[in-house]
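Here is what Swiss-Prot says about this protein:
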BINDING   Gly91, Met96, Val142, Glu143, Arg157  S-adenosyl-L-methionine binding site
Amino acid sequence: MTDDATQRRRLEAGLAQIGLALAPAQIDTLFAYLALLRKWNGVYNLTAIRHPDEMLTHHMLDSLAAVPALAEAARAAEVGTPARGRVLDVGSGGGMPGLPLAIACPDVSVLMVDIVQKKTAFLTQCRAQLGLSNAAAHWGPVEKLDDASGFAVITSRAFAELTDFVNLSGQLLAPHGKLIAMKGVYPQAELDRMEAAGLMAQWQVDAVPRITVPGLDAERHLVVLSRRASAHA
C-alpha cells in the first residue's frame, strides 16, 4: 500500500497536470474525504474500488479532471441568479464528482442526489465532518426533486446513459445552463440513441471534449449539452 506522503505527492502532481491550484488546506480536506470513504466503504459498500491507490486515481483524480469544466460552466455569466454557481450531481453515490468539486471550488454550491439512503447519509456525514457549507445531499429520485431556482450545471458520473440523464434531470436545468455527463470512450451510440428518441429537437451537443486523468490509462470524455434556443421560447 502506498504511504500517505507518496499519495499526497501523486495528488499534487495530478492537480498540477489538471491545472487546479488548491491550497494545502483543500488538499488536506480531499484526503480527509478519502479517509471517510474508505472507512464507510468497509461497512456500507459505497464503491467496488477499495484499494487506496485506485481510489485516488479512479475516483478522486477522475472527478477532479472534470472540475475545471464544471466550475467554468457553473460560474458562467449568462446563467442568471439564483441558478448561477449551483451544480446538481445526479446519482452521486459516494460523492463523485460532487464532493471534490465542492472542496476545490468553495464558491460553487453542490447538491448531490441519490436514491440509496445509506449513500446520502454518508454524503451528509462528509458535509458535517469536512465543514463543507457549500455541499448538501438529497435522498430520492432526481425526477421528483422540487427546486424552483434551477441549476447552472447538472452533471453525472455513473448515473445513466444520456437519454435517461436528459429525460430525468433536464427539467431542473436553468435557462442557458449545461448538462455535463462524464463518460469513458466517446459515447457515439448513446448520442445516436438520443437522436433516435427525438431529444435533439430540444437539446444540442455543445462539445464532447476528451479529458486526461492523471495516472489513469483510459479514455474519458465530457458530453456538454444545452437546450436549443427554440426550447426556451
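Heads up, the Cβ atoms here are built off N, Cα and C, so glycines get one too.
Everything Swiss-Prot records as a feature, shown here on the structure.
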residue	record	Cβ contacts under 8 Å, 6 or more apart
Gly91	S-adenosyl-L-methionine binding site	Val113, Asp114, Ile115, Val142, Ser156, Arg157, Ala158, Phe159, Ala160
Met96	S-adenosyl-L-methionine binding site	His59, Met60, Asp62, Ser63, Arg157, Ala158
Glu143	S-adenosyl-L-methionine binding site	Leu168, Ser169, Gln171
Cβ packing number for Arg157 (S-adenosyl-L-methionine binding site), 10 Å threshold: 20
Largest inter-residue Cα distance among Gly91, Met96, Val142, Glu143, Arg157 [record-listed S-adenosyl-L-methionine binders, Å]: 20
Local backbone state of Val142 (S-adenosyl-L-methionine binding site), from DSSP in three classes: helix
Local Cβ density at Val142 (S-adenosyl-L-methionine binding site) - other Cβ atoms counted within 10 Å: 22
